[in-house]
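Q: First the structure, then my questions, so here it is.
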């Protein structure tokens, strides 16, 4: 089947729209699907995603589409950008509508709810072995990407030719640099764990602890990410790159991060429900914390920061209690195994 679009993006939230804007601005006809017809109608009418990215015009090559079948028939390249807790359901909806030559990439950051499985495993369970898979991950705030500010990300997947084609689609000398990576597992994990650590950094700043504590959390958070990654077969070096250290620093230090702002609200004394309401959009790290904690417990991997964030979010703990528990841990050597 011939393509009528270069790529289809599933998910018309802030990040999906930002990636679609970047692709269309790069000269590629891009279909953007969203599950709410009224939202898509507003995108068409306003030529702007006023709900998530107000003030940023949609390029002419970006075509909003409310019908999933039409969107998936338009291109064999499918970019999924939906929250991790609906990733499986969106793939299940898409499966009977996918073209035989479809190739699937996602920019979703997270693991499967309840099980803590990588999204690669979820995709294979639903779609089988037929379709090439890839993941896009790295330090990206949607608003900056949509505005054309310089951004760098990493990409990994199961098919070399698919990766090459994606790099050609995504790369822009003016706005987006794409690094190829051969660690499919590592890129998927980094995007989930960094959200958990960002919540901890926000809680620390909300309490008023300052830059020293924030930096310690980022550094030890990187240790936790690497430890868990190596336990599931990822390459430790991956976490020194865009999808590890890069995403971790970005999300922990800038208030554009919903996860960091969520943590700030908790640190200032708000309860979990009120803090989420204050953010007003999906806080991926809330679910990611449970996913990462579940995976770490299943594998017997020690992740003290993650454990304390989990206690605050799901067991009624407080940020002050979490800080006391972390500072009161037994002394040990600062090594990769500590």
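Glycine residues also receive a Cβ, built from the backbone N, Cα and C atoms like all the rest.
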Q: Need one residue: from 109, 174, 324, the one Swiss-Prot lists with 14, 15, 35, 142, 258, 282, 284 for NADPH.
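A: For NADPH, Swiss-Prot names 14, 15, 35, 142, 258, 282, 284; of 109, 174, 324, the listed one is 109.
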Q: Using only what Swiss-Prot says about sn-glycerol 3-phosphate binding by 109, 138, 140, 194, 257, 258, 259, identify which of 100, 101, 247 is listed for that site too.
A: 247
Q: Round to the nearest Å and give the CA-to-CA distance linking residue 14 (NADPH binding site) with residue 138 (sn-glycerol 3-phosphate binding site).
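A: Each residue's Cα considered, residue 14 (NADPH binding site) and residue 138 (sn-glycerol 3-phosphate binding site) end up 16 Å apart.
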Q: Check each residue in the chain of residue 142 (NADPH binding site) that is at least six apart in sequence and keep those whose C-beta is under 8 Å from its C-beta; list them in sequence order.
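A: In sequence order, 14, 15, 17, 18, 52, 53 meet the Cβ cut-off.
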Q: Can you give the largest Cα to Cα distance in Å, as a whole number, for the residues 14, 15, 35, 109, 142, 258, 282, 284 that bind NADPH in the record?
A: 22
Q: Between the Cα atoms of residue 247 (sn-glycerol 3-phosphate binding site) and residue 258 (NADPH binding site), what distance do you get, rounded to the nearest Å?
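A: Given the Cα positions, residue 247 (sn-glycerol 3-phosphate binding site) is 13 Å from residue 258 (NADPH binding site).
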Q: Which whole-number value in Å describes the distance between the Cα atoms of residue 257 (sn-glycerol 3-phosphate binding site) and residue 109 (NADPH binding site)?
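A: Here the two Cα atoms are 13 Å apart.
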Q: Using all protein chains in view, find how many other C-beta atoms are within 10 Å of the C-beta of residue 258 (NADPH binding site).
A: 23
